[in-house]
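Asks: Have a look at this one before I ask anything.
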């Protein structure tokens, strides 16, 4: 209102100019806050850990595009010394889209278009180059692959014709194009490699784990770490298959079934094969699971999704576990039990590893990887646990006690 009233004046005084300047600064500041909502969760990093964006040079020839048709990209930090022939790929997360409308909206954000990617991103946690923060992988070649397809790097272009849309469903082609590019940059000679990612990136890690293994030297040590990617296929508190319906719609919309294990797809409804409880049965490559048994993303989107039919107590509890009453905590403990039961078969897998804590969090291998304040189980951080498992220093099958027993959360 201040600026509008001033614009209606023919001549401005010094005080008018001052008010206008203040107004413009406030507007710009408010926009910067709205577009930087994750800054509080990012630790301070050295300038050397700010890594520039590179758009894929292989994407166009492969027909690999983000939802809006822009080129996909990644951030690459070259390895050094003993890590020169070791590679760590991190798949960015960010949910997914199940309808033409939601994918169209997503195409106008950084999760659907490289036009909105940051030109530099901080590498911290599992991507850090600081040995005190990342003791086992700090000097590896480290890559963050940006997520812009809305279907876990697994969509196929056939779906575009089926749905008569101008959107590009090319997640699988994005994955293949960037893999080709990294292989040409030296990854084809890797001695050690690890594929990882969080949330949708953690789910993508499981989907593409064997592809990653199969495209690297046979004598290389190749393993996969899924963070926050073990999504449960359970009914919500109202008895609805919320997460199952979501996966079904994503798989159907973007023809994701073509990227899933075909033996599984032949036996059951394809979207069920996207859930880790099924997909893990068919993965040949060693896998490590990092998950919290009280994953707030799964609670808010799968177990207790926002709904007009939800009573007020659940509306409060779903957003803050500390506000949950005894009856609600019983439901959340039941959710934990469902996870423990689901990973029962994987628990006896000799090559597998796990770090299942009881924090009310989601992504952890960047935010809570290895520091004085990091989450621990049996006094081990996630970084120490993954390192012990990857380098075969010791078996790692860590499952936390129920919430709120872990003081390190």
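Every residue gets a Cβ built from N, Cα and C, even glycine.
Take a look at what Swiss-Prot says about it:
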type	residues	note
ACT_SITE	199	active site, charge relay system
ACT_SITE	295	active site, charge relay system
ACT_SITE	362	active site, charge relay system
CARBOHYD	36	N-linked glycosylation site
CARBOHYD	163	N-linked glycosylation site
CARBOHYD	379	N-linked glycosylation site
CARBOHYD	406	N-linked glycosylation site
SIGNAL	1-32	signal peptide
Asks: Express the distance between the Cα positions of residue 199 (active site, charge relay system) and residue 406 (N-linked glycosylation site) as a whole number of Å.
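Replies: It is 22 Å, counting Cα to Cα.
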Asks: How many Å lie between the Cα of residue 362 (active site, charge relay system) and the Cα of residue 163 (N-linked glycosylation site)?
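Replies: Cα-Cα distance, residue 362 (active site, charge relay system) to residue 163 (N-linked glycosylation site): 33 Å.
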Asks: Among the recorded positions listed here, 163, 199, 379, whose Cβ has the fewest other Cβ atoms inside 10 Å?
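Replies: Comparing Cβ neighbours within 10 Å for the recorded positions 163, 199, 379, 379 has the fewest.
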Asks: For residue 163 (N-linked glycosylation site), just give me the three-state DSSP call.
Replies: helix
Asks: May I ask which of the recorded positions 163, 295, 406 is closest to residue 379 (N-linked glycosylation site) if we compare their C-alpha atoms?
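Replies: So, of the listed recorded positions, the one sitting closest to residue 379 (N-linked glycosylation site) is 406.
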Asks: Which residues in the same chain, at least 6 apart in sequence, have a Cβ under 8 Å from the Cβ of residue 295 (active site, charge relay system)?
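Replies: Within the chain, residue 295 (active site, charge relay system) has Cβ neighbours under 8 Å at 228, 361, 362.
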Asks: At the Cα level, what's the spacing in Å between residue 406 (N-linked glycosylation site) and residue 163 (N-linked glycosylation site), rounded?
Replies: 48
Asks: By the count of other Cβ atoms within 10 Å, pick out the sparsest of the recorded positions 362, 406.
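Replies: So among 362, 406, the recorded positions given, the one with the fewest Cβ atoms within 10 Å is 406.
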